[in-house]
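Colleague: Pasting in a structure now, in C-alpha cells, and then I'll have a few things to ask.
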Amino acid sequence: MGDWSFLGEFLEEVHKHSTVIGKVWLTVLFIFRMLVLGTAAESSWGDEQADFRCDTIQPGCQNVCYDQAFPISHIRYWVLQIIFVSTPSLVYMGHAMHTVRMQEKQKLREAEKAKEAGGTGTYEYLAEKAELSCWKEVNGKIVLQGTLLNTYVCTILIRTAMEVAFMVGQYLLYGIFLDTLHVCRRSPCPHPVNCYVSRPTEKNVFIVFMMAVAGLSLFLSLAELYHLGWKKIRQRLAKSRQGDKHQLLGPSTSLVQGLTPPPDFNQCLKNSPDEKFFSDFSNNMGSRKNPDPLATEEVPNQEQIPEEGFIHTQYGQKPEQPSGASAGHRFPQGYHSDKRRLSKASSKARSDDLSV
C-alpha cells in the first residue's frame with residue numbers, strides 16, 4: 001500500500017469546513033476504511049496469488065484460473081473505491097479555497113479604495129469576513145450558504161452515486177462471500193480444474209466488514225442530503241406561506257391605519273368642561289358624527305373676541321328647545337356651556353329703537 005498522508009491532509013481540510021454529519025462521514029472514512037485497509041486487510045490479501053492452488057500441472061492454467069476467480073483484487077478494488085468516493089470532497093475543498101481567496105482579494109480591493117477615500121482596514125479582518133460570507137459557524141455547527149452550499153450538495157450526490165456503483169459492482173464481481181473451492185473451465189486447461197482459495201474465512205470477514213462500512217457511509221450521505229436539502233425546502237415553503245398571509249392581511253391593516261383623526265381632535269374633547277361625551281377616536285371611530293366641525297375650533301376663540309358696542313351672535317347661547325322635542329335628544333354640553341353674559345348694547349339712542 002502507498003502512503004495515505006497526502007490524501008489525509010486534504011481530507012483534514014475538508015473536515016474543518018463540513019457539517020456535523022459530514023464530519024462523521026469523514027471519521028468513518030478515516031478509521032474504518034483507510035486505517036483498516038492499510039493495516040489488517042492488506043496483510044490478508046498479500047499472498048492470494050502465491051497461495052492460490054489448482055489441481056493441474058498444465059502451464060498457464062493456474063494463472064488463467066486465478067484471473068477468472070479474481071478479475072481485480074479486493075484490496076485494489078477498495079482502494080479505487082476510496083479514491084473515487086473521496087475525490088468529490090477534494091473538489092469541494094478546492095472550490096471552497098478558491099472562493100475564499102477570491103473574496104479576500106475583493107475585500108482587499110474594497111479596503112484599498114476605502115483607504116484612499118479616508119477609511120482604514122486590515123487584511124486579517126477582511127480575510128475573516130470573506131470566510132464568514134462562505135460559511136458561518138453557529139453553536140459549533142457549520143451553516144453553509146451561497147454557491148458553496150450548492151457545491152457541497154453536488155459533492156454529496158456524486159459520492160452517493162459512487163458508493164452505490166461500487167457496492168453493486170462488488171456484488172456482481174464476487175458476490176458476498178468467497179467460495180473455498182473454485183472450478184475453472186478456461187483454456188488452456190484441458191478439463192475442469194479445481195482451484196483452492198487461501199484463507200477464505202478471514203477474507204470473508206473483511207469483505208462483510210467493508211460492505212457494512214460502505215453501507216454506513218451511504219446512509220450518512222443520504223442523511224446529510226436530507227439535512228441540507230429537505231429542511232431547506234421546508235423552510236422556503238414556510239417562508240412562502242408566511243408571505244402569502246402577510247399579503248392577505250396587508251391591505252385591510254393599511255386601510256384601518258390610514259383612517260386617523262386630526263392631531264388635536266382628542267385634545268379638544270378632553271379640554272371640554274364636561275367629559276360626559278368624551279370617547280377616544282380609536283375605540284368607536286364611526287359611532288358619532290360631529291354636526292359642525294368648526295364648532296370645536298370657534299368656541300375657544302370666543303375668549304379672544306373683544307367686547308364692542310354691538311351685539312354678537314355666539315355659539316354658547318342656549319337655544320330654545322321645542323316642546324315636542326324628546327328628552328333623549330340633547331345637544332352636546334360644550335355647545336351651550338359658555339355662561340358669559342351677552343355683550344350689552346350701547347346706551348346711545350338708535351334710529352331703529354322702539355320708543356316706550
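A Cβ is built for glycine as well, from the same backbone N, Cα and C atoms used for every other residue.
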Colleague: If we trust Swiss-Prot, are Thr19 and Glu112 on matching sides of the membrane?
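Modeller: Membrane side for Thr19 and Glu112, as annotated in Swiss-Prot: identical.
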Colleague: Tell me which residue from Ser18, Ser326, Ser346, Ser351 Swiss-Prot records as phosphoserine.
Modeller: Ser351
Colleague: Quick check on the topological domain 'Extracellular' (185-204): DSSP residue counts for helix, strand, coil, in that order please.
Modeller: 5 helix, 4 strand, 11 coil
Colleague: By DSSP, how many residues in the topological domain 'Extracellular' (41-76) are helix, how many strand, and how many coil?
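Modeller: Residue counts for the topological domain 'Extracellular' (41-76) by secondary structure: 16 helix, 2 strand, 18 coil.
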Colleague: Over the topological domain 'Extracellular' (41-76), what is the model's mean pLDDT?
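Modeller: Per the prediction, mean pLDDT sits at 84 for the topological domain 'Extracellular' (41-76).
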